[in-house]
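Listed in TrEMBL for this protein:
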BINDING   Gly87, Trp88, Ala89, Gly90, Thr91, Gly92, Lys93, Asn94  ATP binding site
DOMAIN    257-312  domain 'Torsin-1A C-terminal'
Amino acid sequence: ALEPLSVGLAIGVASALTGYLSHPRFYCSYVECCPRDGPRLNATALKAQLDSRLFGQHLAKDVVLKAVLGFSNNPSPKKPLMLSLHGWAGTGKNFLSQILAEHVHPAGLRSKFVHLFLATLHFPHHDQVKLYKEQLQNWIRGNVSACPSSVFIFDEMDKMHPGVIDAIKPFLDYYEEVDGVSYRKAIFIFLSNAGGDLINKAALDFWTSGKRREDIQLKDLEPLLSVGVFNNKNSGLWHSSIIDRNLIDYFVPFLPLEHKHVKMCVRAEMAARGYAVDEDIVQAVADEMTYFPKEQKIYSDKGCKTVQAKLDIHEDL
């Protein structure tokens with residue numbers, strides 16, 4: 001027979017061990033957990049990453065950094081954070097959204113609390129818009145219920161069928177709760193090529209008039225973007241109630257990249273691969289890109305999008 005003292009001690013140890021193993025701090029060191037109090041971003045680390053990995057985008061870095069830090073430091077936001085990133089391909093929109101996602105949830109795009117939607121993959125058929133809207137609402141409702149600080153990234157907004165994205169309008173508005181769920185700590189990010197032509201023209205106008213690229217301010221571009229995207233029939237935000245209700249906090253412009261920015265991308269890619277940076281190769285890769293306008297050849301028409309592929313050709317060198 002077991003002694004009462006031994007039985008009591010065993011039960012006590014088992015209870016203590018169970019309590020320790022079930023403690024959130026221990027459990028969450030092995031399983032990804034949703035931050036209970038919402039995201040608390042490290043401003044210094046986020047700024048350092050944006051400075052070292054995102055090139056030629058002083059406006060986007062400044063706006064997004066201030067927006068997300070202000071949002072994360074607010075214990076009681078009135079609505080979710082809604083950012084709409086605009087610019088040509090290869091200028092860094094996807095890159096910035098990935099960096100931001102990693103700072104909210106360390107696993108980034110692999111996190112179960114970060115959700116990426118591709119218009120051409122998840123919403124391909126025009127005749128199923130009604131179904132997509134229902135599915136989208138259910139998906140977002142379920143995920144925000146599981147984690148209030150969920151991040152939702154909608155890529156290819158310029159290819160989204162008009163009307164689909166309006167399904168999430170109730171979740172972006174100034175409501176304390178919708179059907180018992182609060183969306184105020186979630187982050188929504190739109191990525192779109194729409195408005196890229198407007199941004200490029202404004203950048204070229206600054207260059208033509210002899211002004212510095214870094215002198216371009218948000219007020220020079222944001223009004224153009226909001227109106228241009230709203231009236232663009234080839235955009236998923238065409239006549240969207242999300243814009244009409246002023247629920248997008250910032251229209252963030254991504255400027256076209258110059259030759260010097262492409263070279264920065266090449267150097268960063270070489271370093272990421274563990275190569276010694278060879279300036280001859282950097283120059284060669286940058287020179288292989290195509291630039292516009294045709295006469296001046298100032299801006300890369302693909303940004304840094306094909307840098308990795310072009311660098312592959314030079315690996316043996």
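In case you wondered, yes, glycine gets a Cβ from its N, Cα and C as well.
Within the model, the domain 'Torsin-1A C-terminal' (257-312) carries an average pLDDT of 95. With a 10 A radius on its CB, Lys93 (ATP binding site) counts 26 other CB atoms from all the protein chains. For the ATP site, the Cβ centre of Gly87, Trp88, Ala89, Gly90, Thr91, Gly92, Lys93, Asn94 serves as reference, and the other residues of the chain with Cβ at most 8 Å from it are Phe95, Asn193, Phe254, Gly303, Lys305. The Cβ of Ala89 (ATP binding site) has 15 neighbouring Cβ atoms from other residues within 10 Å, across all protein chains displayed.
In this structure, of the binding-site residues Thr91, Asn94, the smallest number of CB atoms within 10 A of the CB marks Asn94. When Cβ atoms from all protein chains are considered, those within 10 Å of Gly87 (ATP binding site) total 28, not counting its own. For the domain 'Torsin-1A C-terminal' (257-312), the DSSP counts in helix, strand and coil order read 30 helix, 5 strand, 21 coil.
Taking a C-beta cut-off of under 8 angstroms and a sequence separation of 6 or more, Gly90 (ATP binding site) has the following same-chain neighbours: Leu257, Ser300, Lys302, Gly303, Cys304, Lys305, Thr306.
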